[in-house]
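Working notes, structure below.
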Amino acid sequence: MNIHEYQGKAVLRSYGVSVPNGKVAFTVEEAVEAAKELGTDVCVVKAQIHAGGRGKAGGVKVAKNLDEVRTYAESILGTTLVTHQTGPEGKEVKRLLIEEGCDIKKEYYVGLVLDRATSQVVLMASEEGGTEIEEVAEKTPEKIFKEYIDPAVGLQGFQARRIAFNINIPKELVGQAVKFMMGLYRAFIEKDCSIAEINPLVTTGDGKVMALDAKLNFDSNALYRHKDILELRDLDEEDAKEIEASKYDLNYIPLDGNIGCMVNGAGLAMATMDIIKHYHGDPANFLDVGGGATAEKVTEAFKIILSDKNVKGIFVNIFGGIMKCDVIAEGVIEATKQVGLELPLVVRLEGTNVELGKKILNESGLNIVAAESMADGAQKIVSLVG
């Protein structure tokens, strides 16, 4: 789950991580009032959307007086920002962060992520702050420094100091930088984050180390023990189909193709998308119905897939392990009748009671094309959608 920058900074502040003072605003008047309350000579007006690249898209402006705050707030609120992370459709700006300006001496990058290859959290840092870390990794990988953290003992002071020295934090500010990184790590672990990214981390003219931006992502599977974080969820920033899917424990991610996919298991879902691409088709979505593919789940999955007007056909690829193929077949038939499906539908079943499942499909009287294998199913649906 993602949260907004201002929310992320509030979380970090509670862990002793230094961030600029700021207030969220939902209207132009609130933005001006927030700037008045901050009482600083310079304010930064920042669009709050769940995407990076806001500055380049015109979503971050420096205001030197209240008139400029009003002008920038009017120009940003309600507009659609298009960045490299939003896609061409962009995201509408519905809230702003009004933040005190600071005298930036140097920008850095600091981030915590899970390294799946080593099964450890890794602290990454670079003195090339303010730019995309992927860009730095591609052009100057030697400027990225990493510390792998033993989960049994957590981030150690010597590791944070080594990072601070490697990215050339001024010696007199190393202590602050170490405290910053230790607090960031505590927040990452205690709040079950999957990403904690500070870009940029800055040193200021008055000798401070602080987070000028903050991106926190949380493990959705752990939200049951973080009610405070769950309350920060902004449904306006999420895809409506993904929200609907989550109500039925379906994992749905929209894509740009025209072949709807309904699969049980994330691995099989990815393999299904791969084989559709292999036969020159384009998947319209990733949709994992999970192990308990009930008739209700299958019906809702069909509805979600069909809400995408680009879908020209559907490929159902189910392995009946926990679920029996005959039960799945009955669910597919019931769902097909309920939604009044008129698009081409190819179904591939394998596993427990597969022959009975195929028999049920064949005797349904519905226009369902049975596939003998995953490859056969992919070829058939690609052919049917033309």
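Cβ coordinates come from backbone N, Cα and C, glycine included.
Sequence annotations record features per position, and here Swiss-Prot assigns domain 'ATP-grasp' to 9-244.
Annotated ATP binding site per Swiss-Prot: Lys46, Gly53, Arg54, Gly55, Glu99, Cys102, Glu107, in sequence order, evidence recorded as sequence analysis. Listed in sequence order, Pro20, Val202, Thr204, Gly205, Lys208, Met210, Leu212 are the same-chain residues six or more apart from Cys102 (ATP binding site) with CB atoms under 8 A from its CB.
Remark: Asn199 (Mg(2+) binding site) has Tyr109, Val110, Gly111, Gly129, Gly130, Ile133, Asp213, Lys215 as non-local neighbours, by Cβ distance under 8 Å and separation of at least 6 in sequence. Residues or ranges marked as Mg(2+) binding site in Swiss-Prot: Asn199, Asp213.
Other Cβ atoms within 10 Å of the Cβ of Ile322 (substrate binding site) number 12 in total over all chains. The substrate binding site annotation in Swiss-Prot covers Asn264, Gly321, Ile322, Met323 and is backed by sequence analysis.
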Arg54 (ATP binding site) versus binding-site residues Asn264, Gly321, Ile322, Met323 - nearest by Cα: Asn264
Using Cα positions only, nearest of the binding-site residues to Asn264 (substrate binding site) (Gly53, Gly55, Glu107): Gly53
Distance from Glu107 (ATP binding site) back to Ile322 (substrate binding site), taken between C-alpha atoms, in Å: 52
Per-residue Cβ crowding (10 Å cut-off), top of binding-site residues Lys46, Arg54: Lys46
Rounded distance in angstrom between the Cα atoms of Met323 (substrate binding site) and Gly53 (ATP binding site): 44
